[in-house]
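These notes concern the structure reproduced below.
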Amino acid sequence: MLNVFFLTSLFYAASATTYVTTNNHIEMPIYQKRPLSEQMEMIDILDLGDRPRRQAEPNLHNSASKFLLEVYNEISEDQEPKEVLHQRHKRSLDDDILISNEDRQEIASCNSILTFSSRLKPEQLDNELDMHITFNTNDVPVDLSLVQAMLRIYKQPSLVDRRANFTVSVYRKLDNRQDFSYRILGSVNTTSSQRGWLEFNLTDTLRYWLHNKGLQRRNELRISIGDSQLSTFAAGLVTPQASRTSLEPFIVGYFNGPELLVKIQKLRFKRDLEKRRAGGGSPPPPPPPPVDLYRPPQSCERLNFTVDFKELHMHNWVIAPKKFEAYFCGGGCNFPLGTKMNATNHAIVQTLMHLKQPHLPKPCCVPTVLGAITILRYLNEDIIDLTKYQKAVAKECGCH
C-alpha cells in the first residue's frame, strides 16, 4: 500500500503540468520537453536508472532477449505454469517457451532477472576446436544481490557421428594471466544426436565478475569437448555468430534488490544531503503547498492514472510495457457506506462512531487489492533487465 502512495504522489510531484480530469480519469497531457532534473525524477521513482550507455542497438531477437520476453509475457498474462516435457539439462526445441518449472520457482522468488548476451572472442579462429565467448557485466545495479546464474548453450545434432557420447566442459579464463590459464566450472554429458539446451551453474563466476568489474571490459569463457579432437562446431554447439538461429549462448541471472520504498528513502536522503552541502549546512526550504490536481468523487472508488513511457521520453530503453495503469483510490467514506465501497465491518463501526463523536476519524479510501508492475528494459547493448514491483498497483479500493 505504501508503494502505491509513494509511486502516485511522486508522479504528481515530478511534473508542474496541470492534469485534466474527465469522468474520474486523470490523463497525462501531451508531454513537453522538461528540464533534465524533472526527467531524472521520473526515472528515479520507477528505479529505472540512468539512460543506458550503449554502444550499439540491442538485439531483441537473440536467445537472451527472447527468454526475458517469454518471462515478461507469462508474468503479465498471469498464465499458469506450463508442464515441461524434458529434463532441465536437455530441453526440446519444440518447446517454444524456454522456461522450466525450476525457472518459474526462481522467477517467483526474485524481483529482478537479468540476461547477458554472449559474443564470440574477437581473436577466435575458424579452425579452433574450442569456443571462446565473452560477456559484458557492466552497468548492473550495485544494490542487486545475485541468487543464481545459469549459462545456457544450445546443442544441435552433431555433424559427425564418430563419437556417440562426449562431454561439454566450460572453463573461466583467470584474470590478468598471460599464460592463458583457465579454471573448469562444470561439465555436461551429451550425445551426438542430442538437440536442446545444455545448462551450467555460473552463480559463483557471475558473482565474482560483478564484484571485480574493473579488471577487464569483457569476461571470457572457454567451451571444449572433453579430451577429444572434436570441435565445438562439429559437436553441434551454437556459437554467438549464428544469429539466424536465435539460439546463441547466454547467461540468466536471478537477483533480489531492495524494495521500492527503501530506494526512494535513500534517494531522498542523498538529495537532502547534497542540498545541505550546497547550501553550507542550512536546512532545505520547506516544500511548496500541494496542488489540488483533481476534484475527488463523493464516494470511494478506483481512479485511473495512466503512465506512458513515450511521453516521458523513456521508450528508447523501456521495452515493455509501453504504458500502464497505476490507478489510485479516491473519494469519501461517508455514511451510509454502500456495497460498492467494499467497506469492512470495522469501517462501518468507525463511521457510526464518527457520527456520534465527530472528533473521531472517519474510515479512509484505500487499496484493498494490490497488483504488481513488471518492467522490461535495457541496461546496455548486452544486458536486459526485468524488474517486478510488487504491490504497486491498486486493483480494488474500499473503505477501511
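In case you wondered, yes, glycine gets a Cβ from its N, Cα and C as well.
Pulled from Swiss-Prot:
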SIGNAL    1-16  signal peptide
CARBOHYD  Asn165  N-linked glycosylation site
CARBOHYD  Asn189  N-linked glycosylation site
CARBOHYD  Asn201  N-linked glycosylation site
DISULFID  Cys300-Cys365  disulfide bond
CARBOHYD  Asn304  N-linked glycosylation site
DISULFID  Cys329-Cys397  disulfide bond
DISULFID  Cys333-Cys399  disulfide bond
CARBOHYD  Asn342  N-linked glycosylation site
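Positions of Swiss-Prot features highlighted on the structure.
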residue	record	Cβ contacts under 8 Å, 6 or more apart
Asn165	N-linked glycosylation site	Asn189, Thr190, Thr191, Ser192
Asn201	N-linked glycosylation site	Gln148, Ala149, Met150, Leu151, Leu185, Gly186
Cys300	disulfide bond	Cys329, Gly330, Gly331, Gly332, Cys333, Met341, Asn342, Cys365, Cys397, Gly398, Cys399
Worksheet entry | Cβ-Cβ neighbours of Cys397 (disulfide bond) (radius 10 Å) | 23
Worksheet item: Across all chains shown, how many C-beta atoms besides its own are within 10 angstroms of the C-beta of Cys329 (disulfide bond)?
Response: 24
Worksheet item: By a simple count of other Cβ atoms within 10 Å, which of Cys333, Cys365, Cys399, the disulfide-bonded residues in the record, is least packed?
Response: Cys333
Item to complete: Just name the winner among Asn189, Asn304, Asn342 (the glycosylation sites) by count of other CB atoms within 10 A of its CB.
Response: Asn342
